[in-house]
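**Q** A single structure is presented below for examination.
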Amino acid sequence: PEIAKHTVNALPRPYSGAYLTTLCECTLLLLSMTLIQFPNVKKADYAIVSTLPSKMAVSNNKKTTRSIFVIAFQRKFLIAALGGFVSWSAMAVQMSATPLAMTRAGYQFSQSTTVIEFHLLGMFVPSFFTGTLCNLLGSRLVMLAGLLIQLTGALLFQRGFQFNHFNLGLIIVGVGWNFGYVGASALLTESHRHDEKQKTHSLYEAIVMSSISIAFFSSAFMEQRFGWITLTGKIISTYLALAVLIVFVDTVLALFQSKDVRMPLPTNDEDIQTPA
């Protein structure tokens, strides 16, 4: 955002300087990525170890690979995907629509980019301790807290069009996104075995990236069609409230089943053992 402030009028056409600078930044990022050497990871052998003594010897050397459909229809995967989808999409709509709403309210470009700066800090600063919270409280509770925090930020926008409402509201939305997304990502790791990691995370990222694309491409239309107050107060708030309800019910079920929401639930293949 600071670079955008100084380059927005660098060329005759407004905003073209900021877009050109962003293109240069992405090019440098791609070039730096080519310098990274990723190690080759070999898949280890995973075998079913039955709890029945008569079947232990037979199943000891048997390789199993679950279908992606089997993995995707687990409750843990569905809840993790829901948390990631909602966290990303709700945040993206509000973040990208905020500068439009601020421009309509008479604020300058530098003021809207300042709001985005603080929003980015809200998004990523909590990452220093969100993982610790997942270990202490469990990924479900952290994800649920994130969705509630995002809902609080969306409702704060209903207070009016003052600068502090935009600024504080978007900071809260950023913090909520961090809790929601990190909690969902932590829960995702409980839904797959080590040898299923690549395809499971690929599906999860495809779902999350789809939500981002939908949110960013629809945010301008939704803000112009419904207005800022209706967008955040009715559409996004209802969207987040439904997600909170679903995750809350799942958290209660998890607590009922395991007696400790921090502990991962047993899966249908709980007798599968993997090497340490």
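Any Cβ shown, glycine's included, is placed from N, Cα and C.
The transmembrane segment feature in TrEMBL is assigned to 17-36, 77-97, 109-129, 167-189, 201-222, 234-256. The domain 'Major facilitator superfamily (MFS) profile' annotation in TrEMBL covers 76-276.
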**Q** Using Cβ atoms and a strict cutoff of less than 8 Å, what residues sit near the transmembrane segment (77-97) while being 6 or more residues removed from its termini?
**A** 71, 116, 119, 123, 140, 143, 146-147, 150, 153-154, 157, 169-170, 173-174, 176-177, 180-181, 183-185, 187-188, 191-192, 200, 204, 207-208, 210-212, 214-216, 218-220, 222-223, 228, 231-232, 236, 239-240, 243, 246-247, 250
**Q** Do you know the mean pLDDT across the domain 'Major facilitator superfamily (MFS) profile' (76-276)?
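**A** Reported value for the domain 'Major facilitator superfamily (MFS) profile' (76-276) is a mean pLDDT of 90.
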**Q** Grab the same-chain neighbours of the transmembrane segment (201-222) for me: Cβ-Cβ under 8 Å, and only residues 6 or more beyond its ends, written as numbers and ranges.
**A** 68, 71-72, 77, 80-81, 84-86, 88-93, 96-97, 100, 188, 192, 231, 235
